[in-house]
Amino acid sequence: MNGTEGPNFYIPMSNITGVVRSPFEYPQYYLAEPWAYTILAAYMFTLILLGFPVNFLTLYVTIEHKKLRTPLNYILLNLAVANLFMVFGGFTTTVYTSMHGYFVFGETGCNLEGYFATLGGEISLWSLVVLAIERWVVVCKPMSNFRFGENHAIMGLAFTWIMANSCAMPPLFGWSRYIPEGMQCSCGVDYYTLKPEVNNESFVIYMFIVHFSVPLTIISFCYGRLVCTVKEAAAQQQESETTQRAEREVTRMVVIMVIAFLVCWVPYASVAWYIFTHQGSTFGPVFMTVPSFFAKSSAIYNPLIYICLNSQFRNCMITTLFCGKNPFQEEEGASTTASKTEASSVSSVSPA
C-alpha cells in the first residue's frame, strides 16, 4: 500500500519513514509546506467573504419583493440555502483547520463538516435536476394541460432535501464514513479505502450511480429535448416573440448554472472515482485537494449567474441596495417587458 490507513483516516503517504501522524492530532506539514496551508486558508476565507453576502442577498431580496416569489424562484432560493450550509458548515471550519495544518476538531467535527459539505453539494445537484424538469415541462409541453405551480415547487424542494440526505447521512450511521482528505484539513466521503467494516465499497458505488450518474442523465435528457423544442418553436413561430424571449432568458440561465456545476464538480468526482478504482496507487495530497477545493467555489457562482442573467431579480436587488431607488433605471428599462413576462409565464404552461 502506498498510503497509511488508520482507524479513522487515510493519508496518501507510506509510513516507512515513521513521519505519518494522525490528522486529528498533529500538523501535516510532511504532506505540504506550511505556506500551502496558508494559501488554502486564504482561499477559503475569500470564498466566505464572497459566498455569504451574495447568497444572503439572494434570500433577502426574494423575500423582500413579492413579485420574485414565483415557483421557479423557490428552487433558486433552495440553492442559496444549500450554499449557506456549505459556507457555515464547511468553509469556516476549513479556514481554521488550514491555519493549524491539521483537522483540529476531531472525528465529530469531521463528520459534521463532511455532512454539511456533502449535503450542500447534493442539494445543489438535485435542485438543478428539478430546474431541468421544470424547464422541460414549461418549454417542451409534454403534458399540455399541466401547470407548474407552488405545490409542485414545494414538492420539488422536499425531493431535493430527501435525496441529498439519503447521500449525506449514511456515513454518519455506519454505511461508509467521513475522513480527512487531501491535505487533511477538510473532510469528505472515504473514496480511498474499501473498508469492509462499514461497507464502504457499496456506498461509493451507490453514491456515484444514484447521486451523480442518474441526475446527470436526467439533466442531459431534459436539455437535449429542450434544445430541439426551442429550435422547432423558433422555426414555426408558435409562441409570441416576447414569450419566446422570456423563456430563452430563463432557459439560458439554468443551462449556464448546470454547465458551471459540471465544471466545478466533475473534476472532483473524476479524481474520486479514479482513486476508488485504483486502490493502492500512488498519488499526492494535492491531487485530491485541488479539485476538492475548486468544487467548493460552486457556492458562489449560482447566485452570481442569477443576478447577472435575470433582469427582474437584478433590478430588485439594485432597488434594495439603493434604498428603494434604481440609479441604473434607464439601462434596466430595456428589459422590463421581458422580465414581467418571465415572472408570469415561465412557470406555467397553457394548452398546446
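Each Cβ is built from the backbone N, Cα and C atoms, and glycine gets one as well.
When Cβ-Cβ distances below 8 Å are used as the criterion, the topological domain 'Extracellular' (1-36) is approached by residues 100-104, 106-107, 110, 177, 179-180, 183-185, 190, 192-193, 280-288 of the same chain, each at least six residues removed from its ends. For 1-36 (among others), the entry in Swiss-Prot reads topological domain 'Extracellular', with the evidence type sequence analysis.
Residue density at Asn2 (N-linked glycosylation site): 11 other Cβ atoms are found within 10 A of its Cβ, drawing on all protein chains shown. The N-linked glycosylation site feature in Swiss-Prot is assigned to Asn2 (among others); the stated evidence is similarity to another entry.
The N-linked glycosylation site feature in Swiss-Prot is assigned to Asn15 (among others). According to its DSSP assignment, Asn15 (N-linked glycosylation site) is coil. Note on Asn15 (N-linked glycosylation site): other Cβ atoms within 10 Å of its Cβ, all shown chains, come to 14.
Taken from Swiss-Prot, the feature transmembrane segment covers 37-61 (among others).
Residues annotated as topological domain 'Cytoplasmic' in Swiss-Prot: 62-73 (among others). Shown for the topological domain 'Cytoplasmic' (62-73): DSSP residue counts in helix, strand and coil, namely 9 helix, 0 strand, 3 coil.
Within the same chain, residues 37-38, 40-41, 44-45, 47-48, 51-52, 55-56, 58-59, 62, 104-105, 109, 112-113, 115-117, 119-121, 123-124, 127, 130-131, 134, 150, 153-154, 156-157, 160, 164, 183, 185-186, 296, 298-300, 302-303, 306 sit at least 6 positions outside the transmembrane segment (74-98) and bring their C-beta atoms closer than 8 Å to a C-beta of that stretch. Residues or ranges marked as transmembrane segment by Swiss-Prot on the basis of sequence analysis: 74-98 (among others).
Residues of the topological domain 'Extracellular' (99-113) grouped by DSSP class, helix first, strand second and coil last, total 10 helix, 0 strand, 5 coil. Feature annotation from Swiss-Prot assigns topological domain 'Extracellular' to 99-113 (among others); the stated evidence is sequence analysis.
Cys187 (disulfide bond) is surrounded by 32 other CB atoms, counting those within 10 A of its CB over all protein chains shown. Marked as disulfide bond by Swiss-Prot: Cys110-Cys187.
Taken from Swiss-Prot, the feature transmembrane segment covers 114-133 (among others). For the transmembrane segment (114-133), the residues of the chain that approach it from at least six positions outside its boundaries are 72, 75-76, 78-79, 81-83, 85-86, 88-90, 156-157, 159-161, 163-165, 167-169, 171-172, 178-179, 186-189, 211-212, 215, 218-219, 222-223, 254, 257-258, 261, 265, 295-296, 298-299, 302, judged by C-beta separation under 8 angstroms.
According to Swiss-Prot, the topological domain 'Cytoplasmic' annotation covers 134-152 (among others).
What Swiss-Prot lists as transmembrane segment is 153-176 (among others), and the listing cites sequence analysis.
The feature topological domain 'Extracellular' is assigned by Swiss-Prot to 177-202 (among others), with sequence analysis given as support. Listed as Cβ neighbours of the topological domain 'Extracellular' (177-202) (distance under 8 Å, sequence separation of 6 or more from its ends, same chain) are residues 3, 5, 8-12, 23-24, 28, 31-32, 36-37, 40, 90, 93-94, 97-98, 101-103, 110-111, 113-115, 117-118, 171, 272-273, 275-276, 279, 285-289, 292-293.
According to Swiss-Prot, the N-linked glycosylation site annotation covers Asn200 (among others). Listed in sequence order, Ser176, Arg177, Asp190, Thr193, Leu194 are the same-chain residues six or more apart from Asn200 (N-linked glycosylation site) with CB atoms under 8 A from its CB.
The transmembrane segment annotation in Swiss-Prot covers 203-230 (among others). Long-range contacts of the transmembrane segment (203-230) within the same chain, counting only residues at least 6 positions beyond its ends with a Cβ under 8 Å from a Cβ of the stretch, are 122, 125-126, 128-129, 132-133, 135-136, 139-141, 163, 166-167, 170-171, 175-176, 189-191, 247-248, 251, 255, 258, 262, 269, 273, 276.
What Swiss-Prot lists as topological domain 'Cytoplasmic' is 231-252 (among others), and the listing cites sequence analysis.
The transmembrane segment annotation in Swiss-Prot covers 253-276 (among others).
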Against the transmembrane segment (37-61), which of these stretches has the most C-beta pairs under 8 Å: 153-176, 253-276, 285-309? 285-309
Select the closest residue to Lys296 (N6-(retinylidene)lysine) from the following recorded positions, measuring between CA atoms: Asn2, Asn15, Cys187. Cys187
Anything within 10 Å of Asn2 (N-linked glycosylation site)? Look among the recorded positions Asn15, Cys110, Cys323, comparing CA atoms, and list what you find. Asn15
Alpha-carbon spacing, Asn15 (N-linked glycosylation site) to Cys187 (disulfide bond), which is rounded to whole Å: 21
Where else in the chain does the topological domain 'Extracellular' (277-284) make close Cβ contacts, counting only residues six or more beyond its ends and a cut-off under 8 Å? 1-3, 12, 31, 193-194
Mean pLDDT across the topological domain 'Extracellular' (99-113), rounded to an integer, is what? 95
